[in-house]
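Residues annotated as transmembrane segment in TrEMBL: A:6-25, A:32-51, A:57-76, A:88-110, A:116-137, A:149-172, A:192-214, A:278-297, A:303-322, A:334-354, A:366-385. Per TrEMBL, the feature domain 'RCK N-terminal' maps to A:410-526.
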Amino acid sequence: MDKNSFLIQAIVYLSAAVVAVNLAKRLGLGSVLGYLFAGIAIGPYLLGFVGEEGKELMHIAEFGVVMMLFVIGLELEPNLLWRMRKLILGLGGLQILVSAIALGSIAYLAGQVWQSSLVIGLILALSSTAIVMQTLTEKSLLKTKAGQSSFAVLLSQDIAVIPMLAIFPLLATQQTNVVSTSFIANLPGWQQTLLVLAAIGGIILAGKYVVGPVFRWVAKTHQRELFMATAILLVFCIAELMIMVGLSPALGTFLAGVVLANSEYRHELESDIEPFKGLLLGLFFIAVGASINFGLIAANPGLILTLVLGLVIVKGVILYVLGAFFDIKGDQNMLFAVALAQSGEFAFVLFSFAGQYQLLDEQTTSVLVAVVAISMALSPLMFVLNERLIMPRFFTKQKAKRESDDIHETHPVIIAGFGRYGNIVGRFLKANGISATILDNDSDRVDLLRKFGFKVYYGDASRFDLMKAAGAESAKLIIIAMDTPEQCLQMVSLVKSHFPHLKILSRAYDRKDAFDLMDAGVDNIYRETLDSSLRMGTDALSMLGLRAYNTHRAARTFLRYDEKALTELLNYRKDTSSYIKVARDRIAELEELILSDMRDIEITERDSGWDSDALRKAVAGKDVSGNASSNEIF
Amino acid sequence: MASVLILFAHPVYEKSRVNRQLIDKIADLDQVTIHDLYEVYPDFDIDVAQEQALLLAHDIIVFHHPFYWYSVPPLLKQWMDLVLEHGWAYGKGGTQLRNKKIFNAFSSGGSFAAYQKEGHNRYTITELMAPFDQTAFLCKMTYYPPFVVHNSHLLSPEEVAVFADQYREIITGLRDGRFSEDDLVSASYMNSLIQKSYSL
């Protein structure tokens, strides 16, 4: 059996992931640690399923990071980014600078030349976007002060990779012939700069003016997989463009994500990319685990251990001090320091890049790679330690305050379906100051509504991932007003099974549909024609000369009895389901209607408190008998 | 222990300063049912059978409302018109409410002094309560004096809180039978039963 056949490889990776992640989750360690252990287990030093090709895999898996930044960008509106500028530039910039100087000095004292020391300091100052973001998301810490600050620092680190790539060649002491993958590397400097600017401008313009129409065009086919393909194509194109001009693909897709954050396709894109992102990231963590060189560690355990601890402690202390300067308090600051104390995946890329320019010798590089990988693997463990040992002991758990600048916009109401019915509900809510997250799967309608300033998102609302992206977990109500009864029912069962806390208000088309919804357990059902038909009937009675208030109350009473009859008929329908099935259509419907109308006689007997008949009779009785009841009439 | 039904009628509860606090203060009491009429019948479409069943299940009825034009808000009047039916609440065979107790609890913008013969409202609260007194009489119920929060627009939040405490004291006192029937019938304000009388 060929150990390297695609299927065998896939089976090895997937089963390792399934088992390890599941175990890690059960032990409360988080999925990242699970993937890393899976990687170590199948790596060359334990089971040996994966050999040198693990490095190849890492390159593919790095695409998970690219996709993750795209999704992060999608959740981040430009104005929010602007509001975070102080954290990104101030806190992030200082973190890189101070950490690089501190770590670089240590390297210099350890005998490296200053150029190599600078390179080592800069590279190790970076943290792992993949691990930190994944862990923070999993623990729902992204919206806390620590989460937001961590995110800002990671973002500025991602940006800092670009100048680093530019500086390293200048530091090179020996002239080397480097084969650059960059398409424009051989052009003069000013042309390179222009092309880079053009590429970034192109992404912004395309995101604003081209991507929308393309998605609309694709959405019209109503083929979900085609939409997904387009989304992935978009990410691939941006990544390739970035590589061509020598920028980080992650940064490019992040930018594209931010540009598309305001678009109607945001939630759909997010949920389409999400599973790919998750799997690729998992693969990436497995690759990190598999790439840890246990041979090297076994040869110098003391050195490696000292380096890892030194790295984490130096970075952690710097983060904690800076955090205190930027007003991050108590347990939040501890979390912030613990979160970012490791080194990141960019280190692997940058070490090999620096190696190309002879800035680092091979021995140093392999030791540092091992240190980075171990620090990454330790990171989820440190989260767990911090959570279980440090937090409870040293910090009274400060309530994680929710910042008003949330990455997600969350509304208390979700409207699924914004057609002729849903739009009235939505407008009415809006007129009363309640904003709703609106989902609709008619791309023309979404387009039109967007022009009128409604925040409508494209997508099939009855999909779990889209509902999740739309904030179903934090919403209070869902208004179901989709185009067909089948869609509404599908939606109801989705909400009932995955978001049971949501109160459901559903539109029904007719009585049969109302029955189906009642069977599905919906309490608030609105038959779409009922109220307007009754209003018409009321006006008709008025035009025939009946008093308006009388007809109005008659309509209210009719409505009440009709709803009551509906509930009673539901049971009747259940009892004689076989009969109804045979006589299904109109006859049964008519029979039900007549049955309910027989109760309408009660409508004419209402409001007896205003009815003087009874009083007249009583007065008449007094006239005959002259008894004492007369004093009870007012 | 007697049971108490608060028939609460306030068309703009969300803007209420006084009644909201009063209601909040008694919301957790055992044997006390708060029935928010404007919340249940926003379209004035009162379910008479349901209301009569509620009345039958309680011993003490409270009309709790702001004092609008020397009377109750329209929904409470609608409630009286429709629920207190001839032959059920009064008239021949109308004995369902016999021996139940009833009184009004309300906030009023006017001062105690304004509700005097010499004051600008010219009639006392007791005189203005005559329609409710008589309604109770016709329904064979005992009419108790009203609980009144005067000067409702001028009260500070702390002062309102004091009245809320008094209201709770009165409702629990009535529920637990702590007041003498003679005092209840002879007082002109329910407030004086807990020694918090108004005076000129």
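Keep in mind that glycine also has a Cβ here, set from the backbone N, Cα and C atoms.
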Handout entry: the transmembrane segment (A:334-354) in contact with the transmembrane segment (A:116-137), cutoff 8 A, at least 3 CB pairs, sep 6+
Key = yes
Completion exercise
the domain 'RCK N-terminal' (A:410-526) resolves under DSSP into 48 helix, 25 strand, 44 coil
Completion exercise
Contact set of the transmembrane segment (A:192-214) with the rest of its chain, CB cutoff 8 A exclusive, min separation 6+ beyond the ends, reads 184-185, 230, 234, 238, 241-242, 244-247, 252, 255-256, 259-260, 263-265
Practice task
For the transmembrane segment (A:32-51) and the transmembrane segment (A:149-172), decide whether they are in contact, meaning at least 3 CB pairs lie under 8 A, counting pairs 6 or more apart in sequence.
Solution key: no
Practice task
Give residue numbers and ranges for long-range contacts of the transmembrane segment (A:303-322): same chain, 6 or more residues beyond its ends, CB-CB under 8 A.
Solution key: 91, 94-95, 98-99, 102-103, 106, 124-125, 127, 296-297, 333-334, 336-338, 340-343, 367-368, 370-371, 374-375, 378, 382
Problem - Intrachain neighbours beyond the transmembrane segment (A:57-76), with Cβ under 8 angstroms and 6 or more residues off its ends - result: 50, 129-130, 133-134, 151, 158, 235, 238-239, 249-251, 253-261, 266, 269-270, 273-274, 276-284, 286-288, 290-291, 345, 348-349, 407-408
